[in-house]
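So the structure is just underneath, and the comments pick up after that.
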Amino acid sequence: MSKLKITNVKTILTAPGGIDLAVVKVETNEPGLYGLGCATFTQRIFAVKSAIDEYMAPFLIGKDPTRIEDIWQSAAVSGYWRNGPIMNNALSGVDMALWDIKGKLAGMPVYELLGGKCRDGIPLYCHTDGGDEVEVEDNIRARMEEGYQYVRCQMGMYGGAGTDDLKLIATQLARAKNIQPKRSPRSKTPGIYFDPEAYAKSVPRLFEHLRNKLGFGIEFIHDVHERVTPVTAIQLAKTLEPYQLFYLEDPVAPENIDWLRMLRQQSSTPISMGELFVNINEWKPLIDNKLIDYIRCHVSTIGGITPAKKLAVYSELNGVRTAWHGPGDISPVGVCANMHLDMSSPNFGIQEYTPMNDALREVFPGCPEIDQGYAYVNDKPGLGIDINETLAEKYPCDGGIPSWTMARTPDGTASRP
């Protein structure tokens, strides 16, 4: 029997849900044995494909796919400079695919290789939004009827109307918050506008309404999306204390991370942090100094399952729980990777989940099953998910930059998305 080795690495781009996705397929010299991994960096999808096809593939071909740690370590430093989001996503796609292969070789789901089941199902949180407090409440009630016990509550997206129409923003903000945003009447620069001051004043009103109407029997999450100043984030966290959030997500930007210490000193609102981090070492001082309660981690952007499991274990030792990023711009393969980590991590906190349409489930057979706000992965060897490449070709990627990243404040200043 010939020694197992990698014979081909390719990138599959597809958008069956209307969002550009990148999936890596690592093939071996054993007939029918291959692995899949998520390398989705939607905002730079073609750059990731180039990184995989032109750099990762030549690096990997001929190597033993079972040497996951060695491949991860050597690939991570092969470009000398490291931990950029493009190469990390490329590395993630490969890393997940190697875990998929190893699970298939062992005849076990990946969660068994990571230590085995810690729970029967995976509690999920879903997203709710609305133009005003009543609309948000109605949408939460609909999710509660579906069985969800955790919901993320936003009003007008992240402090705006998700549009470049300033009049519409003013109308929605005035309707929802009785606040008139300060906006420039001239030379409107194209972009997605929001008002951070109006937003910060509206959020406590939203949660006051929701707790008055829905009580404390459901868990609420709110995402600041790093869109306010550090001082405003501290004020917001303090003001939200009476409403007992499950957590407040990304209250400050990575560039302002030192402010978390002051926030922690002044507020008991639980904090989740790290959606924009690209290196597991970025969480270390936050975990060591007890500045966060949840690791908010985009698994593909830090390099895949291998570093994510290490981060989860380090967090466990320090009383911090997991909250892997689960938006619509990760592939179902990435969703499964998150959930295998969830199943095997005793310090699991919560899993974000974005519903999948029929096209996604057809292109990716083996997607997790959702029942009453819980997710269940199958027990097939590996990650338990596949891809129909013929169907995937019917949903080409456009490679454009998503409009929501073009954020501006009412005076036209470019801002963090």
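Count begins at 1; order follows the chain as displayed.
Even glycines carry a Cβ here, placed using N, Cα and C.
Among the features that Swiss-Prot reports, active site, proton donor/acceptor is placed at Tyr158 (among others), with the record citing similarity to another entry.
Sequence annotations record features per position, and here Swiss-Prot assigns active site, proton donor/acceptor to His225 (among others).
The DSSP secondary structure for Arg296 (substrate binding site) is coil. Neighbour list (Arg296 (substrate binding site), Cβ cut-off 8 Å, at least 6 residues apart, same chain): Glu249, Asp250, Ser272, Met273, Gly274, Glu275, Ala323, His325. Annotation source Swiss-Prot lists substrate binding site at His127, Glu275, Arg296, His325, Asp329, Glu352, citing similarity to another entry.
According to Swiss-Prot, the feature Mg(2+) binding site maps to Asp223, Glu249, Glu275, an assignment based on experimental evidence. Packing around Asp223 (Mg(2+) binding site) is summarised by its Cβ count: 21 other Cβ atoms lie within 10 angstroms of its Cβ, all protein chains included.
Look at Swiss-Prot and you will find Pro327 tagged as site 'Important for activity and substrate specificity', backed by similarity to another entry. Note: Pro327 (site 'Important for activity and substrate specificity') has non-local neighbours Glu352, Thr354, i.e. same-chain residues 6+ apart with C-beta under 8 A of its own C-beta.
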Out of His127, His225, His325, the listed recorded positions, fewest other Cβ atoms within 10 Å surround the Cβ of His127
Taking the Cβ of Glu352 (substrate binding site) as the centre, how many other Cβ atoms fall within a 10 Å radius?
23
Near substrate: residues not in His127, Glu275, Arg296, His325, Asp329, Glu352 with Cβ within 8 Å of the site Cβ centroid are Asp223, His298, Trp324, Gly326, Pro327
At a 10 Å cut-off from the C-beta of Asp329 (substrate binding site), count the other C-beta atoms across all protein chains.
19
